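Copied over from TrEMBL, here are the features:
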SIGNAL    1-20  signal peptide
COMPBIAS  170-195  compositional bias 'Polar residues'
DOMAIN    171-364  domain 'Cytochrome b561'
TRANSMEM  203-223  transmembrane segment
BINDING   His204, His240, His273, His309  heme b binding site
TRANSMEM  235-255  transmembrane segment
TRANSMEM  275-293  transmembrane segment
TRANSMEM  305-328  transmembrane segment
TRANSMEM  340-364  transmembrane segment
Amino acid sequence: MLRILSLILLFSLCTSSSHAQSCATYNFAGNRMFSHCSDLPSLNSFLHWNYDGSAKTVQIGYRHAGVGASSWVAWAINPAGRGMVGAQALVAFRKSDGTMRAYTSPVSSYQTQLAEGDLSFPVSDLSATYAGNEYTIFATLKLENVTSTVNQVWQEGPLSGDSPARHPTSGANVQSTGNLNLLSGQTGTTSGSVDSRTKKKNIHGVLNSVSWGILLPIGAITARYLKVFPAADPAWFYLHALFQSSAYITGVAGWATGLQLGSQSAGITYTAHRVIGIVIFCLATLQVSALFLRPKKEHKWRLYWNVYHHFTGYSVIVLSIINIFKGFDILHPDQKWRRSYVGVLIGLAALAAILEIYTWYVVLKRKKSALPDKTSNGNNGYNGYGASDQDRV
């Protein structure tokens, strides 16, 4: 038993030391030598390189430790900006038959499948190895139109067959970006820029979810169920108008934030999300305008206005919910936000169901109480169905 514990302890120490090692103490096989190296701050990754300023070339050795054979790894330079979109990536993984695959992949959107393609600069001597739960990518880059300080991105994710699948979108996987000075070897993070963009993404998502996805349904519930109570007339209309107007104003603010995000992501277009958003904006504008243009109850066009207003309102709610989930798929927030919104929808649906049952109970009760008056004193202010206009649902 003591021997077993000793072996376990020895194995743990060896594993820990191999994962915690510095790039400066690492020796490559085959007498490969690099003059600079950097311990990257996340995902157990290390970058080694030689930079020739006169020839504008850089030889790199990128190591990614602590990953299984069923994973892919990538390291990239982003000449156009910071982050994932625009990155010129070197990708490597071990195929199901045990052979290695290393290739280049330009990243043009967040929905990338890391398809093989030419980069914006020449790449030669590209190869990769896998041993001891560690991938290593070797390559020579010709950086004629890139300065000595570059933006770098590195990543890991699971394989689906012999193809890269989507990597996690939380924790270390969204922190694996920074800048690198090829001459001095100094590195830094781009957390300020990432936080700024992430903040805009969060603002866009929250504003649209609250406006179109929460305030708008609450306004519909208010209009549908409060008017059945005499004490709520005409307060229900003002509450309905308040919720609808608030949803519209907040939604416009969220739409403007989305335009800012789009301007920072040139070449990236989410057509369905954009088209649905434009339709929602147009219908919501008509809906808010209709609140101030509705005919009086006695007007002959009031019935048609009611049909239009209800149809447009429910259409906006359905389209808004669909587009919010499309937004979740685009922005990739933590799953807790998607689950929270689903919980809000379930809560609103449950509230609407309870109020619907109670509304019919009130209406049927009033009809029942009105029957004696109807038989003894005509319709006595009630319609031919034994219910006043106030009792309709």
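Every residue gets a Cβ built from N, Cα and C, even glycine.
Remember, TrEMBL labels are computer predictions, not curated facts.
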May I ask for the residues of the chain that lie six or more residues beyond the transmembrane segment (235-255) and have a Cβ under 8 Å from a Cβ within it?
203-208, 210-212, 215-216, 218-219, 222-223, 226-227, 229, 277, 280-281, 284-285, 287-288, 291
Which is it, of His204, His273, His309: the one of these binding-site residues whose Cβ has the most other Cβ atoms within 10 Å?
His204
Grab the pLDDT values for the domain 'Cytochrome b561' (171-364) and give me their mean, rounded.
79
Including all protein chains displayed, how many Cβ atoms other than that of His240 (heme b binding site) lie within 10 Å of its Cβ?
21
